[in-house]
Amino acid sequence: MSEILKQLFSPSQYIPHGHCYLWQSQLVWLHIVSDLLIAIAYFSIPVMLIYFIYKRNDVPFLGIFGLFGAFILFCGTGHLMEIWTLWHPAYWLTGIEKAITAVVSCYTALEMVTLLPQFLALQTPERLAAINLELQNEVLERQQAEKALQSIVVGTASVTGEEFFSALVQNLAMALGVSDAFLAEVVSNESLKLKTLAFWVREKLVDNFECELVDTPFEPVVKQGKLCYQPHKVQELFPGLKGMEGGYYLGAPLLDGQQQTIGVLCINSDRPLANEENAKAIITVFAARASAELQRQKTKSALRRAYQELEIRVNEATEGLRQRTAELMKANTAERAISRIIQQMRQTLQLQSIFSATTQELRRGLKCDRVVIYRFNPNWSGEMVCEDVGLGWTSLMEKQTATTEETVDEATCVVKTLGSFNNSVLDSDTYLEETQGGVYSQGTKYVCVPDIYTAGFQSCYLERLEKYQAKAYVIVPIFCGQKLWGLLAAYQNSGKREWEEAEIRMAVQIGTQLGVAVQQAELLARTQQNSEELKKAKEAADAANRAKSEFLAHMSHELRTPLNAILGFTQVMQRDSSLSTEQQLYLNIVSRSGEHLLQLINDVLEMSKIEAGQVTLHENSFNLYHLLDGIQELLKVKATSKGLLVSFERTDEVPQYVKTDESKLRQVLINLLDNAIKFTSKGSVKLNVSLVTDHSSLTSDNQQMTIRFEVKDTGKGIAPDELDKLFKPFTQTETGLKSGQGTGLGLSISKTFVQVMGGDLVVSSLLAKGSKFAFDIKVSVVEKVPTEITQSITRKVIGLAPDQPRYRILIAEDNPTNRILLVKLLSSLGFEVQSAENGQETVAIWESWTPHLIWMDMQMPVMNGYEATKQIKTSLKGQATVIIALTASAFEEQRHTILSAGCDDLVHKPFREENLLAKMSEYLGVRYLYEEKDEVESRNDEQQNLSSFFILNSSSLQVMSSEWIEQLHYAAAQGSDLLIYQLIKQIPEENAPLAVALTDLVDNFQFERITELAQSIES
């Protein structure tokens, strides 16, 4: 680093300047001293410039002073470098210094060129002195203006209103040195007039006055709304100006918030204004101040007037409120009285209590002497029914005689004068009878008489009123509905009285309420009478219902008992394999007829329960698939005989095991499908079962779903006007009547059952196209049913399977036919059977014989089945004995009673063989021997050959003689089933299918169909 500095400040490759001066030292010192002095001078000048800039930073062109200082500083440095190079040849260093000096000097020269015009524009000392003088004058004028403003402000600061206006013109004139000052307000823009508020003339205030604006210097100020100054010839320019001398005028407008001129502030002088601008500014400022004060005065005056008007109005309103308060107090008193009366009416419908409370409250509310209630009789005679009278006055009720006085016999009757304030007397004695209430029927609400002696009454009527001690009165009618019931009268006995509107209104309202009370009391009396009649009618209806129920129950038992024997022995006889085909046919006819009669009995009983509201839901778990398959199998034969295709379709989502009322669901489906087959002559009948997917499950354990059942057929259809008849009991459509089948109960029962199961049965149909019945029901999805409660035995039982105990079966039945039937049926299969005729005998046999199972009839002499069951089940030994009730009652409600008695189960009469055997298999575990499959198929084929594949038409009858066909036509036309059965017996055995088909038509009462077939052959 030291070498670099050495080479820079003292290079060795150059010869120093002083080398040539070594031979003359005086010359060397001359250069040294000269350069040193120049450098000192150059360095002292920048120092002074820098000090000047520091002290006077307010002087312009400080930058150029700095440039000059830098330039001179570099020049001084150059002279010092000259001394250095005398001995040291640092020419690069001196060259660099000179280059910097050259740059600074050039930049300074350029700046001087740009700043020269500004230097030339600087003011001369003389001009600066003149400017200073002007500034002094302006300062003096400002001081004078401030003094004038201060004097005006001081003079007007402590005053307001009219005193402010006077102080303003006085101080304004004195402050501006003028003779006159004037403040005025515009009286009317239309009339162009001014009214002075303060006028200072020659050092004194003068009285205010009004003057015209025309030809005055005030006119342009008011019209133009701006400052106006006239420095000369004021009197010549404005000849209308009077009372003001001087040739100099200055005026300013007083403006409101909407910049409308409301007045003027002006000055007038006989000599020029000392400072016009200051005077304009001052007068403008105080014109605004005067405008604000003038508006404040006007607002204050307006407020004062408004306050006075408000005070007047408040006084008037106060007086009105006082009067209204008095009216409201009276109205409140009336309302309280009315409220108490209404409360009394609500608490009781005893008219005498209501009348007594009403007369007391009304007399208290009106503060009158007497209140009376009259009641009219049908012949318009009347009687006083209630009275409330003040102390000191005679009671009219005590004077009322036992014989009712004719109140309308006289021409001056008050009722005849009601509604007419002049109370003109009517001449007719029968006025009310002829007019049915007189003027009341025309809307009259009351009659008011303030003084009976000035009302124009006849003397006889005045005498009557004097007997009543009345001097004034108000009477209002009492209407019960549209009928005039009586009168409500309030009397003033002490003297005449001006009845107020509120008092009259109170009496009218109470009269109206009395009418309502009378109407309600009469309605209550009628209601009580009707209730008593309804109670008697209900008791009679209940007795009739009980008699009907007892009759139906008795008839059910009486009908089911022989039906049980008919169907039972039919089943026993059908087990005989030695019967011929014709005999089997006849047995089938008997069986179907019995089943048909049983169905009719069940329908009537079900409808009876529906009418009595006794239908309930009995839910159980079952196999839905098995139920549907059984129904299809049941109806397949009937449909096939008519050439119909029956199909059952169910979606995969339909659950197999469900919980709902199985019995009701089975009956509904059988009813709908049987009707569809019955009224469909060709085509198909279809049952669709699907899951309604928009129903979510309720719980994870007991999932609830909605299943839809739809029955469609291709039958004749139902007319739209007959759809309403479908679900009415004992009512059939035209098609049903023509068919001659059914009772009209099936669909009514089905609809009720569907509703009980939580759905609704709907129908849609098109004539000649077919019908569709549909319903949705909610079911609970359950796990697989462990055991089928009633398993149907589809194959014929021929005996008991080997390797089983010898089961002892006791038959407890008082009816010998049924007892023989059961003994015959069970003993033929290999059971050990005994029988008893009553409950007492049953208990005795049970104790000695110990049967495995007892078939117990619940209605037996000596001791019924209930008592016998209880005695058996109370012992430990009896707990092991199975007791199954046999009942001819069709009411499901008896199940609970029977099971509560101790029975394990029950079977309804008439029973089917397979049901009995299934129950014994369920409770005892009995195993049976069945008919071989080939035999079953052979018998089924034989039956199908007899009926299933035979289609009945007109040509089918041609196998018989024309005489036989004619007799068939006659019997069908007469509706004689006996004659037709006799003709069927004449059909040869080889034509057994024809016999079966005709028998089916007779069983279903299709006589019209038989008539059509026979008639077509004859024609």
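Count begins at 1; order follows the chain as displayed.
Positions of Cβ are set from backbone N, Cα and C atoms, glycine also.
The feature transmembrane segment, as given by TrEMBL for the ranges 61-81, 166-186, 964-984, sits at 61-81. In this model, the coiled coil (300-327) carries an average pLDDT of 85.
Of all Cβ atoms in the shown protein chains, 27 besides its own fall within 10 Å of the Cβ of ASP857 (4-aspartylphosphate). ASP857 (4-aspartylphosphate) falls within a strand when secondary structure is assigned with DSSP. For the domain 'Response regulatory' (808-924), residue counts in helix, strand and coil come to 57 helix, 25 strand, 35 coil, using DSSP.
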